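TrEMBL has this to say about the protein:
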| type | residues | note |
| --- | --- | --- |
| COMPBIAS | A:1-11 | compositional bias 'Polar residues' |
| REGION | A:1-20 | region 'Disordered' |
| TRANSMEM | A:36-56 | transmembrane segment |
| TRANSMEM | A:76-95 | transmembrane segment |
| TRANSMEM | A:107-133 | transmembrane segment |
| TRANSMEM | A:153-176 | transmembrane segment |
| TRANSMEM | A:188-210 | transmembrane segment |
| TRANSMEM | A:222-242 | transmembrane segment |
Amino acid sequence: MTSHHTTQDSPVSDGPASDGRGRTVAALLWAGHLRLLLIFWAIVVVIFVALGVGQAAFGQLDRSLWEIAGLGAAKYFPFALAIMITPLNLSVYVAHGVTRREFFTGAALFAGLLGLVFAVAFTLGFAVEHLAYTAAGLPEGFTGPHLFTSGGQVHLVLVEAVLTFTAHIASGWLIGSGYYRFGGWLGTLFLVPALVPALGTDVLLGTGWFRAVGTAVGLGQLAMPAGIALSVLLIAAAVAANQPLTRSVAIRRGPTTGQTQWIFP
Amino acid sequence: MSLSVHLRDLSLRYGETTALDGLSLELAGGKVYGLLGRNGSGKTSLLSVLAARRRASAGTVLVDGEDPFENTRIMRRTCFIRDEVDAYEQTSVRQALRFAARLRPHWDEDYAHHLVDTFKLPVKKKVSALSRGMKSALGITLGLACRAPLTIFDESYLGMDAPSRYAFYDELLSDYAENPRTIILSTHLIEEVNSLFEEIVILDNGRLVLHEEVDTLRARGVSVTGPAEVVDRFTAGLTVLGEQRLGNTKAVTVYERFDDARRRAARAAGLELGAVPVQDLFVHLTRQPEAQR
């Protein structure tokens, strides 16, 4: 501890929830995850560069590598982090005098920030790759369907990235809250509705692997503005659903982190 | 800066299990309370309701006149330290203290430093790497330094050695004297801790057995020693906890309030009167069928 600040030296606020408590929770959640995120993105960049060097040295560089390294796997990392938001954090915050409502606000801010940071990183990666491929005269060659046809379409890349990442984060958060609220068996059943935001956004935007399922069951492709608007509504509903799930939940007994009692107490 | 507690017909159920059963209790602010009870008596359940970890199934719970559940004002002024430390296992002790400092409005950083030194907490070590006793010491540091107007310790000393426990008791008393607040201590180490208490609350099977000032409780337990036939005659009709005999000398422990007249009568009969440990009284009170209480 470097500071010797004594909070009693200054007037103490015990006031209502509107004094930025949610922002404090979000800041603490962000600080708690930052090192992990930096390590993750360092690994992604290393893989991206290694793939590029390998492909350039031993094959033909005729497809987007960032599509694989940046989006293909990367969306499952914030998804996994989001699963742990409620089970690993709620009890610690309540133990430190934070209400479930304040925690929800902070977690929602954190989830939004997490999605935005991943989306911006993803977009930047595509922009860099686009510049590099254009300079080298290489085709970007996307394998999956996207809202964009070139990494240089920054606005479309960003929209798809924001919606894809936040949808996966919303689903992950909902899964974790479901297990915390309902326990192992009902929580597992709750996976079905909880996955709707992540998979539904693929269908609504016509992107990602689950789009094929939508096509197979006869769902037609929506116009882009409608798909975007419905995806936003779906994600917002999923985020909001965490509030009724946790607003009166009992704080489970047991060690708070790195344990599984929250699933099968 | 201390919070009162008012409970009326409080019940808490987990499925088929009734943890608290129509509990009514009044705790004035600014005192140190001892919460005693056998395993499964409902102590932790009661404390969990006060700390808003659980919502009561029925009845009224008021802390400082308000329902504590999801109550911003009450929750940030209440601190509940369990037998497991509420900190991230993968953070260091230093980070755990910083985390508390960000969220606790009454946090005293200098006092936290003092407690770290007192308990010799390794601030760079991860919480997961701490011994059982050190985790408890961290919990106690978090509980004392947050200076919450309602501070609750539930078996928070588990794994701590005797010198560390006594250091905790000393810190608790001295800090309470400087910063009065409502403190509830749940414990099984009754003889070791009861000198800290101003009042004692005993639960059994989720119900209130007793709530008294500790001096009053102590005065109820009396040992009567003397010639066996005189002791038997004198204690006839009284609630006898136990007895020992050596030759013609008999020592009987009774649970009864002895007024001055009865004490004089005992002495006049050649009997010696002595005090009974609080723990013995607790054992008696939680062992007897309710009809005899």
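Indices start at 1 and increase along the chain as displayed.
The backbone N, Cα and C atoms fix where each Cβ goes, and this holds for glycine too.
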Stretch contact, the transmembrane segment (A:222-242) with the transmembrane segment (A:153-176), Cβ-Cβ under 8 Å, 3+ pairs: yes
Same-chain residues at least 6 beyond the ends of the transmembrane segment (A:76-95) whose Cβ lies under 8 Å from its Cβ atoms: 25, 29, 33, 36, 40, 102-103, 106-107, 110-111, 114-115, 118, 165, 168-173, 175-177, 179-180, 198, 242, 245-246, 249, 251-252, 256-257, 262-263
Long-range Cβ neighbours of the transmembrane segment (A:153-176) (under 8 Å; 6 or more residues past either end): 71, 75-76, 78-87, 107, 111-112, 114-116, 118-120, 122-123, 126-127, 146-147, 187, 190-191, 193-202, 205, 207-208, 228, 231-232, 234-235, 238-239, 241-242, 245
